[in-house]
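Quick look at what TrEMBL annotates:
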BINDING   Gly121, Thr122, Gly123, Thr124, Gly125, Asp144, Trp172, Asn187  S-adenosyl-L-methionine binding site
BINDING   Asn187, Pro188, Pro189, Tyr190  substrate binding site
DOMAIN    8-77  domain 'Release factor glutamine methyltransferase N-terminal'
DOMAIN    106-193  domain 'Methyltransferase small'
Amino acid sequence: MSTQSIAQALAWATSEFSAISDSPKLDAQVLLLHVIEKPKSYLYGWSDAQLLEAQQSHLERLVARRKQGEPIAHITGTREFWSLPFYVNASTLIPRPDTETLVETVLAQALPEDTKLLDLGTGTGAIALSLANEHPSWRVTAIDYSSDAVELAKRNRQALALEHVNILQGSWYEPLKGEQFNVIVSNPPYIDPEDPHLEQGDVRFEPRSALVAEDEGYADLFHIISEGRKHLLPGGFMALEHGYNQAAVIHNFFAQLAYINILTIKDMAGCDRITVATWP
């Protein structure tokens with residue numbers, strides 16, 4: 001293909017994605033900006049500018065990858081979350097807008113300046129680092145079982161200059177040795193292994209271990225809630241992300257284990273997404 005102008009390249013890529021993406025123009029914009037390394041305003045202020053041959057070839061390769069279903073975030077290696085840039089790769093979940101509801105939920109609480117917060121299954125570190133960025137005085141610990149995820153979270157920690165965040169490798173609470181926290185948050189695996197949606201969209205390219213849990217998706221949620229009683233300070237609270245149809249079961253499990261002030265919060269799409277509970 002001969003080189004195109006910015007406007008032509010944007011129109012072409014948008015057309016290529018029309019059959020495979022819910023947001024073809026946005027996908028095209030993100031990839032084109034990644035190739036030309038310019039701000040979004042450049043697409044419209046310099047729409048007649050011609051791509052260099054190397055840029056044209058690069059864009060064509062990226063478009064081909066996207067047409068195979070590969071997530072935009074994996075192609076560019078980055079994803080914005082809570083207005084912060086995060087490195088991403090295939091070793092973790094891609095941070096999603098729904099999970100920003102979890103960050104909002106924590107920030108809405110009246111918490112002391114020396115709050116101790118634990119993020120379980122941190123992945124990219126998006127939740128822990130976003131909260132640490134909002135409250136530099138908080139003592140934030142993040143844990144993940146995957147060594148690749150821990151390495152990625154540490155890379156994001158360095159890039160965001162949040163070196164005070166403690167990032168550990170291990171299975172859930174195992175590395176903590178009895179330490180207690182004011183807040184425990186997690187976006188754990190919660191999808192039923194038999195869910196047909198696992199064969200659709202971006203999740204095909206994400207690690208199964210970060211997506212699915214036994215017992216119809218509840219195993220890790222139940223473990224976090226149960227063991228959390230040992231790691232929450234009196235009056236501390238837990239905030240968990242879960243599936244849109246899991247709120248009632250999670251609410252009941254919290255109640256069975258004597259948690260109080262249990263509340264479910266909806267995400268931006270109006271789906272039950274976060275349940276919070278206090279340890280008395």
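A Cβ is built for glycine as well, from the same backbone N, Cα and C atoms used for every other residue.
Heads up, TrEMBL stuff is auto-annotated, nobody curated it.
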Close binding-site residues near Pro189 (substrate binding site), where close means Cα within 10 Å, chosen from Gly123, Thr124, Gly125, Asp144:
none
Report the largest Cα to Cα distance, in Å and rounded to a whole number, among the residues Gly121, Thr122, Gly123, Thr124, Gly125, Asp144, Trp172, Asn187 that the record lists as binding S-adenosyl-L-methionine.
16
Please report the Cα separation of Asp144 (S-adenosyl-L-methionine binding site) and Tyr190 (substrate binding site) in Å, rounded to an integer.
16
In the same chain, which residues outside the set Asn187, Pro188, Pro189, Tyr190 have their CB within 8 A of the centroid of the CB atoms that define the substrate site?
Gly121, Ser186, Ile191, Ala210, Leu211, Ala213, Asp220, Leu221, Leu240, Glu241, His242
Measure the Cβ-based neighbour count of Trp172 (S-adenosyl-L-methionine binding site), defined as the other Cβ atoms within 10 Å of its Cβ.
19
Find the average pLDDT over the domain 'Release factor glutamine methyltransferase N-terminal' (8-77) in the predicted model and report it.
92
